[in-house]
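A.B. asks: Quick one: the structure is below, and I'll ask about it shortly.
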Amino acid sequence: MLSMGLPRREKATNGLTGLKCRAIQGEPSNDAYQATSPNPGIFCAQARSRPPHPMTQEPTSLLPVWARAPTRRAKTTRRQRHPLHLHAAAMAEEGASHRPPSSSAAAAAGGFLSGFCAAALRRKPISAHATHAASGEGLVRQLGVFELVLLGIGASIGAGIFVVTGTVARDAGPGVTISFVLAGAACVLNALCYAELASRFPAVVGGAYLYTYAAFNELTAFLVFTQLMLDYHIGAASIARSLASYFVQFLELIPLLKGHIPTWIGHGEEFFGGVVSVNILAPILLIILTAILCYGVKESSAVNTFMTTLKIVIVIVVVFAGVFEVDVSNWSPFMPNGFKAVVTGATVVFFAYVGFDAVANSAEEAKKPQRDLPIGILGSLLACVLLYVAVCLVITGMVPYTLLGEDAPLAEAFAAKGLKFVTVLISIGAVAGLTTTLLVGLYVQSRLYLGLGRDGLLPSVFAKVHPTRHTPLHSQIWVGCVAAVLAGLFNVHELSHILSVGTLTGYSVVSACVITLRWNDKTTSRHSLGSMSIWQEGVLCLVIIALSGFVAGLCYRFSYATAFIIIAFLIAVVAGFALQFRQVYVDPPGFSCPGVPIVPMVSVFFNMLLFAQLHEEAWYRFVILSLLAVGVYAGYGQYHAVPSCSDHPHPAVAYHGIPSEAP
């Protein structure tokens with residue numbers, strides 16, 4: 001045996017094939033199905049046959065060094081000679097040997113930092129959660145490709161199609177159509193990246209958080225989750241208040257009720273100088289939708305299918321009714337304020353497409369995930385592009401863009417043409433659109449909480465799935481309660497300028513995940529630059545591309561010299577060349593994003609360019625929330641994270657062995 005020459009302590013540590021844990025040494029492997037890291041750390045995977053070098057051996061306990069007591073190995077009885085006892089004893093001695101000779105306070109601080117770094121750099125083998133569905137602890141596969149497409153459309157198209165189109169058209173003119181095409185093209189890049197990862201990891205929920213955990217590390221995944229979750233919480237509360245307001249307006253179409261509904265019921269009434277804004281109807285609507293989601297995914301999918309189909313039919317009827325009122329002379333000039341206004345409009349309407357990532361979060365409930373998830377993501381996005389472009393052409397052709405209203409431009413355009421019955425349809429479509437957007441938003445949040453509860457980064461109560469309803473009951477109720485409190489007591493519309501940070505962050509990281517998971521360092525003969533590994537070099541190039549996009553966006557936003565934008569672009573191109581020619585890429589199983597690494601690089605660059613267009617308070621929110629997330633992870637997550645071990649000698653096989661069809 002290879003461990004014959006090792007000290008007794010190392011034999012105990014490295015001979016534990018039953019636990020299948022090891023300390024990673026040397027250059028990491030970037031296989032998507034191994035728990036590796038760019039730096040030495042502690043992860044669970046298959047035990048290597050060769051022992052680690054004694055000078056580089058790291059402790060394999062999940063506890064930081066300072067938390068391990070330097071006790072001597074006690075004499076064990078025959079009953080105690082279990083690998084787990086030997087492992088604990090060996091780790092206790094190694095903890096003592098790794099402790100530096102300094103004061104207790106300094107040792108504790110240094111030990112905490114080393115333990116934090118080791119935990120933060122853990123990566124996730126996806127096969128670890130592949131057994132949830134098979135063991136009955138997971139969700140049930142009940143969503144077909146049709147339901148997934150409607151899920152993506154329901155999450156993307158809300159009342160914005162009746163409002164945003166006309167609002168942007170006031171600045172971009174009829175060229176708002178080009179704005180939606182440009183934003184749609186940028187979203188297609190993100191959707192291609194999501195489609196590949198959804199096909200590659202179809203077995204479990206998690207979305208962007210899961211992909212980041214597999215491609216980068218535990219801390220980055222937790223940061224992505226917190227940024228996304230704040231967007232979802234505030235967005236759900238804001239949509240609920242809008243839905244309540246639209247619902248009241250719809251009720252006021254009845255003459256008996258017009259002017260007799262108190263403002264505190266649906267529109268919101270402010271108290272204490274605007275600090276509190278009471279809205280009774282919004283929490284009630286949230287409770288109803290939460291109850292539907294708790295009842296079962298089949299029932300909630302049926303509600304979403306009905307409402308989304310109704311919404312699509314109404315939009316198509318509105319488009320066909322408006323086609324006969326189009327005057328082509330209103331399309332001239334097509335871009336009255338120049339192409340820059342069209343590009344600025346693209347940065348605004350980009351967020352009208354946000355929602356297709358909801359399909360990726362339904363991975364554990366799709367009947368044929370490897371086939372249906374990419375179709376659901378790309379199909380829903382393309383359907384949204386067609387609907388938005390059609391509405392833009394109709395609304396700018398019916399009336400001159402200068403006469404479009406800001407609150408309800410589409411309804412006002414049809415009212416000006418004497419088609420008042422269409423305005424009623426628009427109100428119904430707006431209510432249906434907001435309902436589906438809110439329903440899918442609550443659905444996605446609960447699945448994200450479910451994923452973190454399973455991984456131990458959040459309390460285990462979030463990981464519980466109802467045995468008969470097969471829904472994450474506790475997570476769903478928690479999400480509904482948070483949204484209900486925010487919507488019932490605060491005017492969250494005022495926080496809209498700090499939203500979209502999490503979305504752009506998630507999209508950027510997902511695009512980077514596609515690149516990193518394609519790397520294959522085992523087959524490359526290229527030498528690293530100095531002390532930097534090939535993997536670290538690639539990550540550095542991705543960071544440079546992201547920063548270059550952000551700088552270019554700042555220069556564009558504040559109208560700096562064009563030369564600065566060109567320089568930032570050239571720096572990104574140089575980093576892109578390094579990614580193209582310094583890394584070796586392998587084709588993934590399932591759907592493959594075309595043009596890797598070019599397509600994901602362009603996606604990262606454009607996402608960060610949009611990030612620079614956000615309100616300054618959104619940047620502050622990003623930094624403050626990230627610091628808070630690091631604190632939560634340091635105090636809770638690093639100690640409670642569940643080590644992911646695979647009982648199969650080939651994690652990829654165990655992962656891909658998940659049935660692609662519902663039982």
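Glycine is no exception: its Cβ is also placed from the backbone N, Cα and C atoms.
Just so you know, TrEMBL annotations never went through curation; they're auto-generated.
As annotated by TrEMBL, domain 'Cationic amino acid transporter C-terminal' applies to 591-640. Per TrEMBL, transmembrane segment is recorded for 175-197, 209-230, 271-297, 309-326, 338-356, 377-401, 421-444, 498-517, 529-552, 558-579, 591-612, 618-636 (among others).
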A.B. asks: Are there residues at least 6 beyond the ends of the transmembrane segment (338-356) whose Cβ is under 8 Å from a Cβ of it, and what are they?
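C.D. replies: Distant contacts of the transmembrane segment (338-356): 152, 154-157, 160-161, 164-165, 168, 171-173, 175-176, 178-180, 182-184, 186-187, 191, 194, 377, 380-381, 384-385, 388, 437, 440, 500, 503, 610, 613.
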A.B. asks: How many helix, strand and coil residues does the domain 'Cationic amino acid transporter C-terminal' (591-640) contain under DSSP?
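C.D. replies: Grouping H, G, I as helix and E, B as strand yields 39 helix, 0 strand, 11 coil.
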A.B. asks: Contact between the transmembrane segment (421-444) and the transmembrane segment (309-326) is defined here as three or more C-beta pairs under 8 Å separated by at least 6 residues; is that satisfied?
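C.D. replies: These two stretches do touch.
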A.B. asks: Average pLDDT across the domain 'Cationic amino acid transporter C-terminal' (591-640)?
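C.D. replies: Overall, the domain 'Cationic amino acid transporter C-terminal' (591-640) comes to a mean pLDDT of 93.
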A.B. asks: For the transmembrane segment (618-636), could you work out the same-chain residues 6 or more beyond its ends whose Cβ comes under 8 Å from its Cβ atoms?
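C.D. replies: Long-range Cβ neighbours of the transmembrane segment (618-636): 116, 120, 218-219, 222-223, 226-227, 230, 457, 497-501, 505.
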A.B. asks: Please give the sequence-distant neighbours of the transmembrane segment (175-197): residues at least 6 beyond its ends with Cβ less than 8 Å from one of its Cβ atoms.
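C.D. replies: 165, 168-169, 211, 334-336, 339, 341-343, 345-350, 352-353, 356-357, 359-360, 373-374, 377-378, 381-382, 384-385, 388-389, 392-393, 396, 401, 507, 510-511, 513-514, 517, 588, 590-594, 599-600, 602-603, 606-607, 610.
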A.B. asks: Same chain only, please: residues at least 6 beyond the ends of the transmembrane segment (377-401) with a C-beta under 8 Å from a C-beta of the stretch. Say none if there are none.
C.D. replies: 145, 148-153, 155-157, 161, 165-166, 169-170, 173-174, 176-177, 180-181, 184, 187-188, 191-192, 194-195, 198, 312, 315, 318-319, 322-323, 325-328, 330-331, 336, 349, 352-353, 355-357, 359-360, 409-410, 413-414, 416-417
A.B. asks: Which sequence positions outside the transmembrane segment (529-552), separated from its termini by at least 6 residues, show Cβ-Cβ distances below 8 Å to it?
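C.D. replies: Cβ under 8 Å, 6 or more out: 27-28, 30, 38, 216, 508, 512, 515-516, 519, 521, 564-565, 568-569, 571-572, 575-576, 578-579, 582-583, 601, 604-609, 611-612.
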A.B. asks: Select the range from 209-230, 271-297, 558-579 that forms the most Cβ-Cβ pairs under 8 Å with the transmembrane segment (421-444).
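C.D. replies: Against the transmembrane segment (421-444), the leading stretch is 271-297.
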